[in-house]
Every structure is written in structure tokens, then in C-alpha cells.
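Colleague: According to Swiss-Prot, the protein has these features:
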ACT_SITE  Glu224  active site
REGION    492-545  region 'Belt'
TRANSMEM  627-647  transmembrane segment
TRANSMEM  656-676  transmembrane segment
REGION    1093-1296  region 'C-terminus of receptor binding domain (C-RBD)'
DISULFID  Cys1235-Cys1280  disulfide bond
MOTIF     1264-1267  motif 'Host ganglioside-binding motif'
Amino acid sequence: MPFVNKQFNYKDPVNGVDIAYIKIPNAGQMQPVKAFKIHNKIWVIPERDTFTNPEEGDLNPPPEAKQVPVSYYDSTYLSTDNEKDNYLKGVTKLFERIYSTDLGRMLLTSIVRGIPFWGGSTIDTELKVIDTNCINVIQPDGSYRSEELNLVIIGPSADIIQFECKSFGHDVLNLTRNGYGSTQYIRFSPDFTFGFEESLEVDTNPLLGAGKFATDPAVTLAHELIHAEHRLYGIAINPNRVFKVNTNAYYEMSGLEVSFEELRTFGGHDAKFIDSLQENEFRLYYYNKFKDVASTLNKAKSIIGTTASLQYMKNVFKEKYLLSEDTSGKFSVDKLKFDKLYKMLTEIYTEDNFVNFFKVINRKTYLNFDKAVFRINIVPDENYTIKDGFNLKGANLSTNFNGQNTEINSRNFTRLKNFTGLFEFYKLLCVRGIIPFKTKSLDEGYNKALNDLCIKVNNWDLFFSPSEDNFTNDLDKVEEITADTNIEAAEENISLDLIQQYYLTFDFDNEPENISIENLSSDIIGQLEPMPNIERFPNGKKYELDKYTMFHYLRAQEFEHGDSRIILTNSAEEALLKPNVAYTFFSSKYVKKINKAVEAFMFLNWAEELVYDFTDETNEVTTMDKIADITIIVPYIGPALNIGNMLSKGEFVEAIIFTGVVAMLEFIPEYALPVFGTFAIVSYIANKVLTVQTINNALSKRNEKWDEVYKYTVTNWLAKVNTQIDLIREKMKKALENQAEATKAIINYQYNQYTEEEKNNINFNIDDLSSKLNESINSAMININKFLDQCSVSYLMNSMIPYAVKRLKDFDASVRDVLLKYIYDNRGTLVLQVDRLKDEVNNTLSADIPFQLSKYVDNKKLLSTFTEYIKNIVNTSILSIVYKKDDLIDLSRYGAKINIGDRVYYDSIDKNQIKLINLESSTIEVILKNAIVYNSMYENFSTSFWIKIPKYFSKINLNNEYTIINCIENNSGWKVSLNYGEIIWTLQDNKQNIQRVVFKYSQMVNISDYINRWIFVTITNNRLTKSKIYINGRLIDQKPISNLGNIHASNKIMFKLDGCRDPRRYIMIKYFNLFDKELNEKEIKDLYDSQSNSGILKDFWGNYLQYDKPYYMLNLFDPNKYVDVNNIGIRGYMYLKGPRGSVVTTNIYLNSTLYEGTKFIIKKYASGNEDNIVRNNDRVYINVVVKNKEYRLATNASQAGVEKILSALEIPDVGNLSQVVVMKSKDDQGIRNKCKMNLQDNNGNDIGFIGFHLYDNIAKLVASNWYNRQVGKASRTFGCSWEFIPVDDGWGESSL
């Protein structure tokens, strides 16, 4: 059944019922206007609003000083009958579109039921309609009747795009927020919509270059209807409660105050800006106002001004407010019913939720300000339908929201030229200095007279920097706890499933009837709603700066389109000063190639190479090793946006590694929590039941405090950190598009330089080029979004949540003292309950409440990031041992106690690598808290660790199983043990039934993947199925364990070589984790990838690769050979020689010799690296050791051919020969420790990866660009893959 009563035409004759001339309150001597009653309590007036407020009767533009920041004026709009007919049909179509969704049906039903409360009488025992909630309807005979209504849709006033919801009057600011409510009118037009820019995401793949989008007008109308619903129910937030921004710094958005009412109406992230303390304040305030309504109904003895009965109206308001009624007819507010209604009105009815139901793209935040206005016509179904909106399935406009794309579906959108938007309001950012020559003329912000380089920055381009005034902080208040203290139920986060539950329980029947109202004065007069005082943004304020900003760097990437060639440069300053020069953060190699003019016959190859290089540049990432933190860094973000004045990719990466996410933030958020107020607990003399209840209430209130602080923390994070990250995301999209625009312009310019004959011989299409560049940007944005989401979550989890937890633990300690004293003081009453209650207090307050982001945020991207890198791993970890602050600690947030023996050793370079030797004092004991010893050992659990097991050297090691990790107590639990060539996992139940899963490896192989090499071990246990062991992320062995009984694990875990016969035996171990779930294969792989720390290069054994340390070399393509030197000097060469020798001990091991051949030493190219660790993309020199003397690996780049033969040269003789090597690390066929060395010439151009080439059966070492082109095209290992082998005690071979 449709929502609109019937199909109306503007020229339909009036009937005094649903088509009539009406007069509205406060209209003075207004002429009656034709109106259409589209549904009970809802009217539409297809006229410009010149009568609701006499001060707004002029449709002409006001003086500029009084214009609001976003405005559009056209006094002729809606002046003809055809326009009014189109308006009427457009509005009714939008109502039907809204009503066609479950959420829309609920909202419109709530509006129809939301009859303003009858509080118009001065006598508290009477109910009387408030006159300004009525209209006067002119009858066909010229008489009039008064009719109560809830909502009027009316055309806009002078500013056509000023859509808003207002009240007709009569002290409305009180009525809309005192629980009564008042009749609402919405200024709206279905003929206009707003443009916005968003990165479109489909299955997490951002689609860029898709143009600007237009808002679905059904979303806009739904937004205003939500305001109307808030105001009809009297729960609108006071307009004085606003979210303020700081405006002092150059980077801060100016003159913006967003009302809490707007944030709540939008929903999503924005609603979270209202902190939990203020939200609780609002909820309690309106709860009390609803109780006032119930009290008024209970007092009412009569009703006046209507033929309706008192009981009927009481039932109407009972239905509206979900009041409870006892047998005597007395009304009350049931807290659970109120909470359900309040959640529906304020959290379920939001713009953000409507977007999901409409299946449209929309601005991600209320702060995404309108950047364009479009004229539309939604009445024809070929343009817009009730079901699909603009995204019509039959017209191929449903994919990627193409129907809302104003460029793809351009016929439906006419952009208005005289729209005054926020871009008219700007700041002037000036860098001091002398401008020596002509500058760009992109805008008037370049002020040469002052010798300053100035740019205009649009207000909406700046950072949203929230003021501390937004965040209340009443957490320090002392709270009284009694036996009757109200305990709040845990809130559910809004989801589509929750909305569907509300829909299924929503009663759509019993719609209120039209009530006969006693005729009021023909001109109803009330009190006008005050107009908000809107001030223009401070315009053109000048800031003198000492450095270039993000906004300068973005401006430097732009260029003037003209007849001259565009030049790319790595200097932002040069680009700012020259009209035809654009700044790029791509490599100098790219700059050199793109700036080079080419002949016509080379054009296609040149253009294709540029596209290929563009993809390489944009997809560059550096990987990290921090679980639940940052796993990748996009290194060019720093130089692209001058983040932290990072002028190079290396500086940016190092800043993230060593200082963390704070390097990304323009302003460091202030986040402070007070010392939380403890509890004042009320005593009950000789009443055990009330005393115990009071203790339980105190513990429950303690849990509420944790939840409240977590929610408060998330609010601060979203407003102060995530908004910054989102702006960087937006600007990086713009930066990549700038690079693509410059690349296209240069290629197109070069093409246009050729003759027509030359062009005819070139198969070139600029659209194909654009498509390929956009594909590259799409791929790059996946990495950028992943990195930025991880940055945001990382700051929350590493900077804000730990601080909150520390404060909460202090609070717990104070609560413990209070409660234990309370128990002691009441011991005479509690008697036998004393010990139980003390244990309950101690156990509850010793356990932290884990933080779950999903309780407070419903953003899918952030939750996915949180889930993938935190929730699925870290939040299931009950033990995570790492080295930090000169000690081993448990990072799982459960704080296990760790006792370390005297003979436990740490690696000097990576202190997470722990050495345990075969001595009693070489022991690590981990004690889990009693409150954390979990029952999961009866269910599912997993463990993971890295281990390096030295070679077994003698027969004493044969058949000698010894334990290294033991969690068995009273003959039940689990352990990890080793034997010759075996890693063994043992589960033992309390009846001593045993199951073992084993990883076996052989020592009788030439080159082993496991002997003395770091191995990643994961063991998972599903009590209903199997126990499994994974090595380096691969499943090795599995055994059924469903037959095992109860397994009572100890709360102590011992790391020790127990039962080993070899006194010289030792092991290395790191990153031990215990999880209370069965990890799946993806989680194991993610854990392996993360902990592999692929941003740092490794040697053969898996240790960090180091500068100034000698290494033997192993080529992975031909591992049976080693590197040797023929002769020193440029005429000499280096080559692969073989085979390797063998090291044999009967029945123990048979291996190839590894310490053979010429040694390489990696030397620093620059002095910036201070920790001696070689990282991915480090630029280095390679020295080779011949007869104990170091020479430099180099080549003459001018050699003929692709392969450049490498030589070992006296270091002073290198001169201008090529010697700089870029170190590369990437997983290759599952080999984690392999490296590539990319040799470059003195201009930074690639000569090629170092490998070998056969010359007369001699495998000479060369640098070849052939490798660079092949790597990535095929998955096999090439001859440019190497491993660096240092001498290691665990291998046992004598070095040369």
C-alpha cells in the first residue's frame, strides 16, 4: 500500500479535504496557499516560503555580507504551475521511495504518530491542543476549519538550497526539547541536489577517476524528516550545544560550529563525536521529560477544544511515548521501553543508515561540505525511480553508483554556475622569501609585492581540529552506590540486523485519526522560532610561515594548461614558482624519463614505459613487522604531502618506524583523563541481602566505568585523530590524480608535436592511457587506505587505550580498597560470605576488560582493520612475550609475571631473540594470573613461536628427547620438546592419555631450510577434531584429539632445556604467543607475514642483515656454487665457482660447506642509519674481501649490452664507475631470507639486479636490467636472488 493517498496534480480542484487552500500559524495577513494532504497529518505546499517568517519574504539575494557560506539564489524558481506540479510529484515520489524501505516505513509511521503533546492549557488538569500546531483549512464555501497536523513540506525561501526543519512557533525552542514536540515544516526542493567527492569503494577496492557524485534527494529529505521526528517527540538537542573547532593555526578549518543535533541526525562516525558523558546527559534529560508528560496525563481530568474523548487522546500519547499503564489507568515511563524508543529515534533513524537501505553512495561525513549544486528532474522514471533512485538497473547505471556519477550520467545533472560554496572562503598561507621570477597565476594568492609566496587554501580543505570544549569530563565525580543503584544494560551497536529486529517488532497499525479541532482564530499567532545567527567565515586571513605545508606541496603538483610543455621536478619550490613546472614525489629516474623528448618511432615504447613506471612508483610499499599495528608503509606519502617535513621516502619510513603514527599527525591530540572518582558505598545494618547486592552493584558499576572510559576514548580518537587521517587520505587521492594529470599532459603534448604522417603511424589513444593510470591509482589506494587505517587504529591502540587502561587500573585499585574495607566493616553481617566476596572482588578487579572497537564504531573499514590485525589475534592472545624496556614483558594486556634466570641471554642486535643454554639457571618462568587462567584448555587454543635449533653434532643427541617449553602440572597439560631432527607437540589429559604431533626434518641434506635457521612454529588445537602443527605457515602434521579427556593446564609455563644430555646444547627462541582460540590458516599466515619483519633484510640464518659484517654468498638459482674473484681491477671479474665441498659426520649430518668463497661486506652509503641494520631499499656499497683486503664491487655502465660485468676494484680507483647498490627484500618462492641487489649508475638510474651470465661457460657476475624486467612477471627464482651467510656457532663449520 503506498504512503501517499493518491496521485495529485497541482491543477486538481480544491475539495477542502486533501486539496485545499490553507493558512499557517504566524503568517499574518498571508494569502491562503494551495496545499495537498499526501497522508494523515502531512501536507505539501508547492510554493516558495515567503510567509512562515515575515523577515524572509524577499526572494532576491541579500547583500553579500549577509549571505551564508553555502547558498544559491533564483527568485524565479517555483513560480509557474508546471514547476509547482513537478515539485508536488517530486516530493510525493521521494516519500514513496523512503516508505518503500523498512527503515523509511518505520520513520514515517513514527512521524504520523508523533502528534505534538496537548499542553496548551494553563490549567494542569486540562488537555488542550497548542494552537500553533494547527492550520486553518479554507472550505469551498469560504469558511474555514482548524486541523491539527504534524508536518508540512514547503518550498525553499530566498536561498534555494537552504533545506531546514523548523517549527511554526509558540515558544518552540522549549517544545522541541521538553518532550512535548511541535508541528514542523521542512523547507525543501526535490529539484536540486548537492555534489560531493568520495573515493568509491567496492569490495575494498577504491575506484578513482570516476568523477563527482550527486546526493540522492531521498537521502536529503530523509535527513530533514529525522530532524522533524526529533522535534515532534521533543528530543531535539539545544542548538546551543555545538561541536566547536579550533581556528588559531594555519591548518585549522575556520568559523565552523556543527550542532550536536546535526551530528546525531547524520549518524555514523559523526554521532560518535558526541562523547558518552554528554549522550548520557541527553538521555537522562529526555527520560525525565517523558516522565513529566506521563505526570501531566495522570493529572488531566478533562479535555477542551475538541470532540475527541480524554481517554482517546491519552491512548494516542501512550502510543507515541510507549508509556506503561497500570490497572488504575496511571501512566509511567518504563526505562527499558524508553531506551528502546530513544535508540530508535536517535540512533536507528540516521542519514547514514538510510544510505544502506537506499543502496546509494553518500558523503562519508557531515563535514564533507557541498562543493557543487545540480538542477535535477526526478519525476520521469527514465531519470529516477522509487526503487533504484538514479542508479537504474535497466540503463546500466547501477554499477559503481554510475547513476549518481555526474559525469557518467551527465544528462540528469545540470551544474549551477552561480552557486556560492565554501570554496569562496579561504586562508592565505605565505612562506617568507624573495620571488625572483614569474610565478604561477593559479589564483590571486601569490603576492609578489610582499616578496612572499602565498597560496589560497579553501576552508573545507583544512583540518577539522576539534576544541577541547567539546569533551566533557565528569569522570572524577564520586558516585554513591546503594542496593538500588541502577545498572545500565550493555548497549548494542547499531547494525542492519538490529534495525531489522526493530522493524519486525514495530506496530504499524493504530494510526491516529483526524481529530476535530475547535476553530481557532483565522490568523494563528504564536512566538516565532529565533533565526540562528550565521556569521560569514573570516575570509582571506593571512598566515606567515617559515616552511612549506601540505597545501603548498599539493599546489606545486598543479600546472597551467597551455601550449608549452609541462616539466616535472622533485623540487616543490621550483614548481611553485614556475607556471609550466609540476612537482612530483616520484623518483628522479621517472622525472628524467618523462622530461625527455622522444622521436615518433620511440613514442609508444616511451609512453608504455612511463605507464609501467607510474605503476611501480604508486605501488611502492615498505613492509613492517608489528602485529596489530602497521604492517606496511607507503613511503611516498611523506614527500607527496610534506608530512612532518619529510622530504624523502626514507626519512618518512624511518619516522614511522622510530616515532610511530605521531609523525603523520598535523596536530598532536590532547587526551587527558582525570583521577577517576571512586565509590561512596552505603551501609545497611544487619541486612545481608542488601549489603551483598550493594557489593554486586559496585562491581557492575566498575564495569560500566570501563565501558564509559572506552567510549569516551573512542570519541576523542574519531574526532582528533581519525579526521586527520581521513584528510590525508583525501589529499593523497588528489596527489595521485595530480601525477596522473601531469603524466597525461606531458605524453599528450609530446604526441601533438609530431606531424600528421607520424601520428598516423602511431596507434595512440589518450583514453586508454587514462584508464591504465587510473587502474594504477586504484591499486595504490588499496595500499594507502590499508596503511592509513592501520595508522589510525594503531594510534588508538598504542597511545590512547593503554593510557585509558592505566587510569582504569588505578581506579580499580581504589575500588578494591573501598570494597574490601566495606566487607571488613560489615563482616558481622556477612559472616560466611566474607571470604567468597573478597575473592569475587579480587578476581573481578584483577582482570582487565578487553577493548572491543566494534562496541563503539560501525565503520566497516576500521573494524576490518581492527579485526584483522588486533581482534582475531591480539585479543585472543593470553600471552605475548616480547623484549621491551630492558626486560621481557607480556603484551597481551593480561600482564603475566615473568621470572628470568641468571643465564638467559639476549641477542645484541635483536633482543627479542633469547638464548637458553643447558643449565639450571637458564630458565624463563611465566606465571599467568589466576583470574586469567582460562577454561579454553578444555576447548580450543593455539600457540606460536620462532625457534632456531643448532645443528646436532654428535651421537649423544640421538634418541634424546628433551623439553623446552613445559605447561604440564599433575600429569596434565601440554609441552614442546625436541629430538634429533624433530619438533614435538604433546597434549596429555588428566588420565595421562597422550597425543603427539611432530615436525621432522633431516640433517642429511646439502643445504637445509631448517638446520640452525629461524623457523616459525604454530600449533592449533580443536578439541572436537585435531591438533595441527604448522611450520613457516604450512601445515605439516595433524592428529585427532577428540578422544582426549579434560586437560588441566598449569598457570605456569617453563622455558628450559629439561632432560638434554648434551651439556653444550642451546636453543634460540622469540615471539612466544598463546591464544585462546584455534587460529585459522589465514591468521597463521598473517602472523607469519607480520612477524617476519620483511622491511628488514635477513641473513641466511634469519638474523638481521648488518653493515660491516663479512658474509659468504649463496645464489638461490645455483646454490651449489660459491662466489670467487678472477682478478682485481676493471679487467678482472667475479664469478660462480663450484661445486661446494661437503661436511660429513656419519649418521649425524651430511651438508654442503657454506663458509666458502669470497666474502661480501655491506657498507653504508650515508650516515643516517644508526642501528647497523640493513633495510629494504637501503642504498649501500658492497665490498668484497680478497686475501683479507677489502675491494669495492663496481662496474663500467658504458659497457655494451644489457649485462654489465662486475669487478672488484681498489676503493680509491673506483672513480666515476657505478658502485651504489639498492638492497631489496621480497618473499621468493617461500624463501624469506633472500635478497636482491640493484646496481645504479651515478645519476640514480638502474643498471640492473646483480646476478650472473655465462660467458664461455664461466658464470660471471653481472648487473642486468633483464632481471628487473622479468622479476614480477614470473614466480620462479632468478639468478639475482642471493642469501648472505655469516659465521654462526650453531652451524659448526670452520670458516676460511
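If you go along the chain as it appears here, the first residue is 1 and each next one adds 1.
Even glycines carry a Cβ here, placed using N, Cα and C.
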Colleague: Within 10 Å of each Cβ, count the other Cβ atoms, then let me know which of the disulfide-bonded residues Cys1235, Cys1280 comes out lowest.
Modeller: Cys1235
Colleague: Tell me whether Cys1280 (disulfide bond) sits in a helix, a strand or coil according to DSSP.
Modeller: coil
Colleague: Give the sequence-ordered list of residues that share a chain with the residue listed as 'active site', lie 6 or more positions from it, and have CB atoms under 8 Å from its CB.
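Modeller: Counting only residues 6 or more apart in sequence, the Cβ neighbours of the residue listed as 'active site' under 8 Å are Phe163, Glu164, Cys165, Ile186, Phe188.
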Colleague: Same chain only, please: residues at least 6 beyond the ends of the transmembrane segment (656-676) with a C-beta under 8 Å from a C-beta of the stretch. Say none if there are none.
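Modeller: Result: 249, 251, 463, 465, 468, 473, 475-476, 550, 624, 630, 633, 643-644, 646, 705, 709, 712-713, 716-717, 720-721, 724-725, 728, 791-792, 794-795, 798-800, 803-804, 807-808, 810-811, 814, 1095.
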Colleague: Restricting to the motif 'Host ganglioside-binding motif' (1264-1267), what is the model's mean pLDDT?
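Modeller: In the predicted model, the motif 'Host ganglioside-binding motif' (1264-1267) has a mean pLDDT of 88.
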Colleague: Can you tell me the three-state DSSP label for Cys1235 (disulfide bond)?
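Modeller: Strand, per DSSP.
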Colleague: Reported in the order helix, strand, coil, what are the DSSP residue counts of the motif 'Host ganglioside-binding motif' (1264-1267)?
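Modeller: In the motif 'Host ganglioside-binding motif' (1264-1267), the DSSP-based counts are 3 helix, 1 strand, 0 coil.
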